[in-house]
């Protein structure tokens, strides 16, 4: 697996992320990818080779190993890291789509035309939803993999001894011993803890995005009200003045004066 390419891709997401997203990316690379590459692969490298059983029955050791380890921890973590980082690619693709659309718009209408997007990487409109859905996908993937890890091995511990009973071709109950069980247990706890930290950071980032969106909507509503309030007050004052003028007029006006006003020419100032 080429981790350098994965790092380069995710570094592109970093410029569009919030503070929580940058911390999440640091945790993924420092506490998960580096530990996986440097240490965990070596600890689990001899997993099947040093899985020792007290039987000489051909095929029994392999069957017992497959029964207890349907999928190796190290491969499950590799899949988890790949699937967890994939939703971040949605953000990069969406930004690339915006930039391409902006480029075509400028080619068609010229460089002096108005921009479609003031900033293609700003989390507004559809990009905000893309970013939010990518966080939700990451959260679901983390929880699913933790559940799978806990279910397959009945917890996060690594026993020293496992027993295979009534499994063909093993003749009877066979005792098998796992290599480096304590070391594997420590790494399992460490990776589960790092995954839990990533889950907490993702939840915090989702809450931050929603809260920021709500506050921005409230501030927009207040600014709209402040702009529209002078117009409404001027209209109200005009109506009040007009009402006072009507009230100040004599309802019982002299009919003669009304006739004189009607016969007088209407003079308009030039």
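Cβ from N, Cα, C; glycine included.
Swiss-Prot lists 246-270 with the feature region 'Disordered'.
Positions annotated as topological domain 'Cytoplasmic' by Swiss-Prot, on the basis of sequence analysis: 1-20 (among others).
According to Swiss-Prot, the feature topological domain 'Extracellular' maps to 41-75 (among others), an assignment based on sequence analysis. Each residue in the topological domain 'Extracellular' (41-75) gets a DSSP state, and the totals come to 15 helix, 2 strand, 18 coil.
The topological domain 'Cytoplasmic' feature in Swiss-Prot is assigned to 99-126 (among others). Summed and averaged per residue, pLDDT over the topological domain 'Cytoplasmic' (99-126) gives 68.
In terms of DSSP secondary structure, the topological domain 'Extracellular' (150-188) contains 11 helix, 8 strand, 20 coil. Summarising the annotation, Swiss-Prot assigns topological domain 'Extracellular' to 150-188 (among others) and lists sequence analysis as the type of evidence.
Swiss-Prot lists 212-270 (among others) with the feature topological domain 'Cytoplasmic', giving sequence analysis as the kind of evidence.
Feature annotation from Swiss-Prot assigns transmembrane segment to 21-40 (among others); the stated evidence is sequence analysis.
Summarising the annotation, Swiss-Prot assigns transmembrane segment to 76-98 (among others).
The transmembrane segment feature in Swiss-Prot is assigned to 127-149 (among others); the stated evidence is sequence analysis.
Here the transmembrane segment (189-211) has Cβ contacts under 8 Å with residues 18, 20-21, 23-24, 27-28, 31-32, 35-36, 40, 77, 80, 84, 123, 128, 131-132, 135-136, 138-139, 142-143, 145-146, 149, 156 of the same chain, all six or more residues outside its ends. Annotation source Swiss-Prot lists transmembrane segment at 189-211 (among others), citing sequence analysis.
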